[in-house]
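Below: one structure, written as structure tokens.
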Amino acid sequence: MERVYNFSAGPAVLPVPVLEKVQRELLSYNGSGMSVMELSHRSELFQNILDDAESLIRELMEIPDNYKVLFLQGGASLQFDMVPMNLANGKKAAYVNTGSWAKKAISEAKKIQGVEVEVIASSEDRNFSYIPEIPTVSSDVAYLHVTTNNTIEGTAMFDVPDSAVPVVADMSSNILSSVYDVKKFGLIYAGAQKNIGPAGLTLVIVREDLIGQVEGLPSMLDFKVQAENDSMYNTPPTFAIYVAKLVFEWIKEQGGVAGIEALNRKKAALLYDYIDQSDFFSSPVEPSARSLTNVPFVTNSAEFDKAFVKEAEANGFENLKGHRSVGGMRASLYNAFPIEGVEALIAFMEKFANARKGGEVRV
């Protein structure tokens, strides 16, 4: 079956070589006569998968030895609760509000009893079209929470602030797509379904000194319990971890995160350059804050936007509709998305624009 160009914001496109390997190994993994989905999580076969996945992500992100790598469940949304529960410890928590997902993290933190949340910077005044300047954080604050890529709004934070307190980052939509210095963070978390693998897995990278600060937490929500049990306090998402391991291997073959970032910059530049020179399409995001992985764009008409999405689908360009909260279109160009797909999209955009510059909507 011919594959389409999938611009989904998540679950998102996976590398074809990874999917092909999954297909080959689906019925019998490593000659076992069992699918990975059927392996006991306590088996040697799965333990090797888990160990390899951790070793690879440590290599790709250059994770220091004093950080734990956890493969958890519950999505990044569960980390909106686990982070303040484990790290606030009676202190104030500082948050930067750069979009819809940051707002959800802030809202969840406020629900945790005993946690005082302070929003120290926000870009909501201009519809989250930029990254705000982050003031110096007081040393009596427990942590500073940032979102490095705002999936819905299409902005990204590439320069992480130096801070006297631990920086916590939601990297769900740009982990492994740009190089970040892990040592600048106290904790990084990311849902897997954009750049890592299938939905159902959450990656958490946490500095060891931040673990175990709060006693009496529910076991499943306690980083200490999860770390002491090497991500296997309960049955982990075994198949998702297996696919993630294959994706990590694929990223390594592409030249690691630096190699992937170079390709991502090329893909994003092609699309942004076209949008900027177009008199039909435009970007709502300030150039200095533009994401490499999520590119929103609009026409000057909601009717044209609707027609574009419909015709795009008919031509093999799937999931270009913008998030329901902002409208327009959004092209998600995650690591596995091919540059040929960007070139094909631009050609389609030009054809669509030329056909409608007279002002008529043709659906």
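Glycine too: its Cβ is placed from the backbone N, Cα and C atoms.
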Same-site residue for pyridoxal 5'-phosphate (record: Swiss-Prot; known: A76, S77, T151, D170, Q193, N234, T235; options: W101, W250): W101
Three-state secondary structure of D170 (pyridoxal 5'-phosphate binding site) from DSSP? strand
Report, in whole Å, the straight Cα-to-Cα distance of R42 (L-glutamate binding site) from T235 (pyridoxal 5'-phosphate binding site). 9
Cα-Cα, Q193 (pyridoxal 5'-phosphate binding site) versus R42 (L-glutamate binding site), nearest Å, comes out at 25
